[in-house]
Amino acid sequence: MDVLALLADGFATSISPLNLLIVLIGVTVGIFIGAMPGLGSVNGVAIVLPLTFIVPPTSAIILLAAIYYGAMYGGAISSILLGIPGASTAVATTFDGRPMAQKGEAGLALIVAAVASFIGGTVSVVLFTAFAVPLADMALAFGPAEEFALVLLAFTTFVGLGGDDILKTIVMICLGLVLSTVGLDIISGEPRLIFGDMPGFYSGVSFLVLAIGVYGVGEVLYTIETSRNAPMVTPARLTFSELRAGLSKMTRMWRTMSLGSVLGFFVGILPAAGATPAALMSYGVAKSISKRPESFGRGNPEGVAAPETANNAASTGSLLPMLTLGIPGSPTTALLLGGMVMWGLTPGPMLFVEQKEFVWGLISSLYTANVAAVLVNIALIPVFVWALRMPFTVLCAMVLVLCIVGGYAPDQRMHDVWMIAGFGVAGYVLRKADYPLAPLVLALVLGPLMEKSFRQTMIAEHGDVTVFVDRPISAVFMAISVLLFLLPLIRLLRRSRARASNPAPAE
Amino acid sequence: MTHRFTRRASLALMGAAALTAAAPAFADEWKPIKPIEMVIMAGQGGGADQLARLFQAIIQKQGLSRMPILPVNKGGGSGAEALRYLKDKDGDAHVIMATLNSYYTTPLRTDIGVDIAEFTPIARMALDTFVLWVSADSEIRTLDDFVASVKASGGTWKMGGTGTGQEDSLVTAMLEKEFGIKVTYVPYKGGGDVATALIGGHVDSTVNNPSEQMGFLRAGKSRPIAALTADRLETFPDLPTFTELGHPLVYTMQRSFVGPKDMPEGAVAYYTEMFRQLSETEEWRKYTAEQALLADFLTGDALQDYFLEERDKHAQILREMGSS
């Protein structure tokens, strides 16, 4: 009850006309920033940060949070329409969002993304409101051993899938892990796999560069070959009846979306993880519990809903360690943290006690930001879909330009542009050979985390691997990992038994 | 045609000459023409990061720079990523780097092709202090308790810290040598992670900067044991120093700014002035007092001498670490 009273006070702050206007501006700016490849919520928040001095701290953080939120919604847009992930958090959205657009269902995909984002965000804010303070302790219980177990679990959700060739999946994971070791070793500081002495490789292979290369450029190359004269996507329109139909379709995805929301929120809370692994894991889980796993990657709306619920849920979740522990879960929350220090607020366990008005004003604004973002997003869908009516020759060139700009913008190095070109060709070849690309991307995201947590655990425990099963949280994750790994085998057994007892299956 | 060409060429030449002649006159009025990149040698959330972001905030709030400051974290490989990045920015007037002690130690430990003597010193803002911390749940209350517990653990005592070879590991090595103890050093990505690991019970002690533990200390979750400073810290008047307990261990971390090699003189003057103004702001005074930082402003050649002197000192500590 106490929480509700505090929240009500918070709403009194966030529903003031100034703050509502701020939220609306913030999410609109955020959506556009998120939709531009290469510009993510980090850039958006960084650009706006200096402007926040003209408003009170609570309004300032509301504006920044609204941009952060809007960008999370916007990231899906270019993933779906152009096949270029608008932000790293939206990479998993390309897996099914892009095929949907090619089937002429761009409008539906965008609706699914927007509504799923709304649900993920809202569920997550509710969880945040109810359990913020006790959950901070849960985040603290996550040590290196638990981190490693969680990452392992994420990998098994990808290996233990029905649809893909398991051997090819493992090959791609290994390739991704090799790429993730490029650069300076996190523990000793020694450079590894830098190809002689190329400074460009010191900071490792950027995950966004890989994603833009294999998805954006690779996609363009593949499309040029398969449909030289046909339009890249069938023109799509959006009417109210389609919107209704889309919404009714979504009610059938409640299981995926509720899983995605909860998973996203919890992964987001962990200081080391963040929205990108959350989205990838949610996609893997949705695929492995689906009755038709083979339809994923070929334009299944659930493949859009799963990562979009999770990345929005995680972005809310990652505010929790920032506020309660002063540990940012992502580059953007690090900027928000900077903002708070600027306004003289010390993040940490005492913030919830000493700065009630600020904390609850921010939390309540996440509710309003969610509503505003979903409305603005749906209103803009026709504009975005309209962009797809461009002739193939124009669109194709535009996508390539956006890929290059998007890869160059974050670090402003030509090195990344060459990498994108290389990954584009590699992505095209791999796709022709029918290798799944999602595990490659996943491995590059999780590889560094996995290596770091494993080595930290081994140093701390003097090489004793039993620690992974001794600690309760990590033991549970380990058990689920083993189970998921064996799942395809069990399924196969069950299927063959079902076939033996019932020669003509009902389907 | 020929006539016109010559005339144009000579005009261009005259223009160029005029520009060259005028250039020195404008040099001391150099102003940034695009956003200034502030490279941070550490990951997000640690002491170095929080401080750099505070500087950014004060600069923007007080309007000390006419262009925005964009902080960029390049914490990979104990700061090697940032050092290499700055090395590739020769002559760039729009990039500055916030340093910590890995500024010396990283190039000393690994051959990354960087000589810090080439970089342009701008300003030293403060010296950050180190304190030995344990969790508030711990039985340890004094330095003697700590030493006894570490000895009793037989080498399994976990000391959390930043990357191997960085400040925290040097301080740990100093403690090991002084007290004849042996700990298991667990490296984390940044001071923020280290602080959280202590509260979460994943390590037994840390040597965090006060600013990194401040949030937890105020919440009653961590306990300082002793400070590695010459005198008691104003922020913690009741906290003994190692020195007064009979173990003269002093270690500080410089918080400074440097520019790339051959940074234009006008730019150096501009940034020096900017940081001088910053060091006099009320916000900065308040922060240094609250977070137990020793404000100690230093610029120019004196700063470069300090850097090189510190580099020699660190080479010595690292040699001792390697030989032990």
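Heads up, the Cβ atoms here are built off N, Cα and C, so glycines get one too.
Sequence annotations record features per position, and here TrEMBL assigns domain 'DUF112' to A:20-442. Mean model confidence for the domain 'DUF112' (A:20-442) is a pLDDT of 82.
The annotation transmembrane segment is assigned in TrEMBL to A:20-39 (among others).
Sequence annotations record features per position, and here TrEMBL assigns transmembrane segment to A:46-69 (among others).
The transmembrane segment feature in TrEMBL is assigned to A:75-95 (among others).
Summarising the annotation, TrEMBL assigns transmembrane segment to A:107-133 (among others).
Remote same-chain residues near the transmembrane segment (A:139-162) are listed as 169-170, 173, 267, 269-273, 277, 280-281, 284-285, 287-288, 293-294, 320-321, 324-325, 438-439, 442-443, 446, 449-450, 452-454, 456-457, 460-461, 467-468, 471, 473-475, 477-478, 480-482, 484-488, 491 (criterion: CB distance under 8 Å, separation of at least six residues from the stretch ends). Sequence annotations record features per position, and here TrEMBL assigns transmembrane segment to A:139-162 (among others).
Proximity of distant same-chain residues to the transmembrane segment (A:169-189), defined by a Cβ-Cβ separation under 8 Å and at least 6 residues beyond the stretch ends, is recorded for 155, 158-159, 161, 201-205, 210, 430, 435-437, 439-444, 446-448, 450-452, 455-456, 459. The transmembrane segment annotation in TrEMBL covers A:169-189 (among others).
The annotation transmembrane segment is assigned in TrEMBL to A:201-222 (among others).
Summarising the annotation, TrEMBL assigns transmembrane segment to A:259-286 (among others).
The transmembrane segment annotation in TrEMBL covers A:325-346 (among others).
What TrEMBL records for A:358-386 (among others) is transmembrane segment.
Under the heading transmembrane segment, TrEMBL lists A:392-410 (among others).
Positions annotated as transmembrane segment by TrEMBL: A:473-493 (among others).
Same-chain residues lying 6 or more positions outside the transmembrane segment (A:325-346) and placing a CB less than 8 Å from one of its CB atoms are 40-42, 45-46, 49, 52, 57, 60-61, 64-65, 68, 71, 136, 139-140, 268-275, 315, 317-319, 355, 358. With a cut-off of 8 Å between Cβ atoms, the residues of this chain six or more beyond the transmembrane segment (A:75-95) that come close are 31, 34-37, 40-41, 101, 106, 109-110, 113-114, 117, 207-208, 211-212, 215-216, 219-220, 274-276, 279-280, 282-283, 296-297, 303-304, 306-308, 311, 314-315, 384-385, 387-388, 399, 402-403, 406, 438, 441, 445.
A Cβ distance under 8 Å defines the sequence-distant neighbours of the transmembrane segment (A:107-133), meaning residues of its chain 6+ beyond its ends; these are 3, 7, 69, 72-73, 76-77, 80-81, 93, 96-97, 100-101, 236-238, 242-243, 245-247, 249-250, 253, 257-258, 260-262, 264-265, 268, 301, 304-306, 308-317, 319-320, 323-324, 352, 363, 366-367, 369-371, 373-374, 377-378, 381, 384-385.
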